[in-house]
Amino acid sequence: MMERTIETATKQYPLLLGDGAARALPRLLRSLACPPGTKLFIITDDAVAPLYLDEVRAMLAAAEYDVYAYIIPSGEAAKSFDNYYACQTAALQCSLDRRSVIIALGGGVVGDLAGFVAATYMRGIRYIQMPTTLLAHDSAVGGKVAINHPLGKNMIGAFHQPEAVVYDTTFLRTLPERELRSGFAEVIKHALIRDRRFYEWLRAEVKTLADLRGEALTYCIEKGIDIKASIVREDEKETSVRAHLNFGHTLGHALESELGYGTLTHGEAVAIGMLFAVFVSERLYGHSFAEHRFAEWFARYGFPVSLPTTVEADRLLEKMKGDKKAYAGTVRMVLLREIGDVEVVELEDDKLLAWLDEFAKQGGGR
Ligand SMILES: O=C(O)C(=O)C[C@@H](O)[C@H](O)[C@H](O)COP(=O)(O)O
């Protein structure tokens, strides 16, 4: 198991990563000044609960913590105001106090929702991220917590850093293939925005999703977290470079919200979004990424590479104009200058609409 420190401008916290990391939780809690008797409130979902909740609860109870749990439905649609409210109600009914700690046991949805519950319960209490998916290598680090609104993804939220990230890679062994794929989109994103050598390693070593296990999987998590943490260290509240982490997300988020949360996984939507960002980059910078055959590469992992036929370009543009990076309704997308180097660029509506149409007509990215 490896142990390192995530640093932001306002806080430092430990990351425990590897097989069996969960077993370190009682020791970690004591080091965070949580004595036995502290109330711990586990938020998890109905896919993770049958697999790991009893084990985690029993371990914490054996260490004499006062453990409660609340289970939400799995899937992106669960990142809703209703579930947020239900979690707050359960937290109040369990009489959580300001010394209590919330534990987010699950993937990105659980982490984002539980983090937002922690950010707002009694104006903010502590929480620990315990990821059980690959996607959560991105969402568990950096303190962006949120719920979705039908009008836009992650629109209601806060920056609230966790006390620790406890990433037990044995939990990933039961991850369904579609979830693994979803998380891998964020791994690819991290490589493309910051690290050419990691990108080259991915191209050489991860030929199919089946290669994502054991040491290769842990390496992807470690590299992804390193890249993410270095960006968050530079810009915790997204006033500059943190927006680069939104590569592929401007269209990705628009697709998720337009199609209905959960129709595409987050990673599937981001994969299409990255291909569109490359498409726009080629047109704006006048150079070609054709030699990289991104669409062919993505398709090898089973990602969709074109826009679903049911979505209309003007509806997507409207959603993109409502994205958090947009100012005064002007879309700002993260574009690829070269592998490992991105920037945020303002784009005019009519150009974007034409490119969305062209992207759809040619059947997606190349
Ligand atoms: O942490 C960040 O910063 C990110 O942008 C990470 C994204 O990969 C994350 O998946 C998320 O969707 C954040 O998007 P946002 O529009 O809510 O900032």
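Note that Cβ sites are derived from N, Cα and C of the backbone, with glycine treated the same way.
Keep in mind that this is a model prediction, so the values were computed, not measured.
What Swiss-Prot says about this one:
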type	residues	note
BINDING	74-79, 108-112, 132-133, Lys144, Lys153, 171-174	NAD(+) binding site
BINDING	Glu186, His249, His266	Zn(2+) binding site
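Calculated from their C-alpha atoms, the gap between Gly111 (NAD(+) binding site) and His266 (Zn(2+) binding site) amounts to 14 Å. Other residues of the same chain near the Zn(2+) site, with their Cβ within 8 Å of the Cβ centroid of Glu186, His249, His266, are Leu135, Asp138, Ala185, Lys189, Gly248, Gly252, Gly267, Ala269, Val270, Gly273.
For ligand 1, there are no nearby binding-site residues; that is, of Ser74, Ala77, Thr174, none has a C-beta under 6 Å from one of its atoms. Compared over the binding-site residues Gly111, Phe171, the count of CB atoms lying within 10 A of a residue's CB peaks at Gly111.
Spatially close to Gly108 (NAD(+) binding site) yet at least six residues away along the chain are Thr133, Leu135, Ala136, Asp138, Ser139, Ala140, His266, judged by Cβ distances under 8 angstroms. Around Ser74 (NAD(+) binding site), the same-chain residues six or more apart in sequence whose CB sits under 8 Å from its CB are Asp45, Asp46, Ala47, Val48, Gly106, Val109, listed in sequence order. The two recorded residues, Ala77 (NAD(+) binding site) and Glu186 (Zn(2+) binding site), have Cα atoms 20 Å apart. With a cut-off of 8 Å between CB atoms and residues at least 6 apart in sequence, the same chain places Leu51 near Thr174 (NAD(+) binding site), listed in sequence order. Non-local contacts of Glu186 (Zn(2+) binding site) by the CB criterion (under 8 A, 6+ apart in sequence, same chain) comprise Leu134, Leu135, His137, Asp138, Gly224, Gly267, Val270.
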